[in-house]
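Beneath this line is the structure, given in structure tokens, with notes to follow.
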Amino acid sequence: MVTIKCVKARQIYDSRGNPTVEADIHLDDGTYARAAVPSGASTGVYEALELRDGGKDYMGKGVYKAVKNVNEIIGPALVGKDPTQQTAIDNFMVQQLDGTVNEWGWCKQKLGANAILAVSLAVCKAGAQVKKIPLYQHIAEIAGNKNMVLPVPAFNVINGGSHAGNKLAMQEFMILPTGASSFKEAMKMGSEVYHNLKSVIKKKYGQDATNVGDEGGFAPNIQENKEGLELLKTAIEKAGYTGKVVIGMDVAASEFYKEDKSYDLNFKEENNDGSQRISGEALKDLYKSFVAEYPIVSIEDPFDQDDWEHYAKMTAECGEKVQIVGDDLLVTNPKRVKKAIDENPCNALLLKVNQIGSVTESIEAVKMSKKAGWGVMASHRSGETEDTFIADLSVGLSTGQIKTGAPCRSERLAKYNQLLRIEEELGDKAVYAGANFRRPVEPY
């Protein structure tokens, strides 16, 4: 049996130049596996703790405490363990080495979700190496998934909200090539729409409007959210993919939810007179008008993470036609997913491994969601690294959808390129989710 010989963590940098954690797991057969953790800009209040150092170095964002926790606490405790035993190792780290709990479960407040996750991801890669199988297959075996499917990519091509320095309140405007017949073709469609969008924006708003945001999407200085949708519609038409490429949105509404329970669509304006504040009901009606006019198939975080009332209304009224995705609402937390399955505020899970902090808990959240008939979208964070784990995760769990930015910026393309390699490796066994992106496989 191959076992863990040592674990080494270090501080590296994410795509925004902020520190993050990377971990190497060395095995006693001389091989090693490496994983790095991403971090988000618009974070949900219910996410597991991302441990930062505070103080003045790195604007308080150093991760030397988390690195130390891996090197001095987690690492030594894992020596001699079998890396193929993912669930046992994750549970040992989360429940015994850390052991902190809040009302939503294991909150990782002692060691940090970033410390635990770096090791959890590296263990998963090491387990695949030991079994001499691809990472996506190892993940499928851990989860008990028999049918692997390549996801539909959701390219975030217009950035607003906390990801961009423009006035746009809503955070992401995405394109999904559901009409492609393979992942390779989906990439072609996405890339061509992206380049058409660039020329449309340049012509309408000038050269500097094609500067890109954190996730590689364009950030033109428009204020009307509808204008973002109109730009996408035009670019899709110009590329010749009307009907084959559809639209998704991530509103990240918690970012502009106010204490009086209104939503401020002008929250980024310095001299804000409050004239753009609207009620949850009015915001719901705005979404419904968008859905009536544009080929929208997915809306993520349409309301604040605690505004379950409007979430539920939206899902009841539009849930058949459009998937309502919970991100800040669910934070990939099995307990919150269970509550949502019981109360119906949404009908899809956004899967972000660093919100919960371990591979095992992420798989649990996905399996629960699939059993409830929900869609699942695997996701990057806005502060990313070159690590491609989520590409394999999306195939291994047959999520059916993945969002990892625009077809621009290497830390985003790293994931998409890995999916191209996986599709090639699977050969004639490769299945692309396409129009079945919400339910690509039977629950496992």
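Just so you know, glycine gets a Cβ as well, placed from its N, Cα and C.
Going by what Swiss-Prot states, the Mg(2+) site holds Asp250, Glu300, and the candidate of Asp208, Asp214, Asp327, Asp328 recorded there is Asp327. Of the residues proposed, Glu172, Glu309, Glu317, the one Swiss-Prot records at the same substrate site as His163, Glu300, Asp327, Ser379, His380, Arg381, Ser382, Lys403 is Glu172. Among the recorded positions listed (Glu215, Asp250, Asp327, Lys352), Asp250 has its Cα nearest to the Cα of Glu300 (substrate binding site). With respect to their backbone Cα atoms, Arg381 (substrate binding site) and Asp250 (Mg(2+) binding site) stand 13 Å from each other. Lys403 (substrate binding site) sits 11 Å from Asp250 (Mg(2+) binding site), taking the C-alpha atoms as the reference points. There are 24 other Cβ atoms within 10 Å of the Cβ belonging to His163 (substrate binding site).
The candidate set comprises the recorded positions Lys352, Arg381, Lys403. Of these, Lys403 has the most other Cβ atoms within 10 Å.
When the recorded positions His163, Glu215, Asp327 are screened for a Cα within 10 A of the Cα of Lys352 (active site, proton acceptor), the ones that qualify are Asp327.
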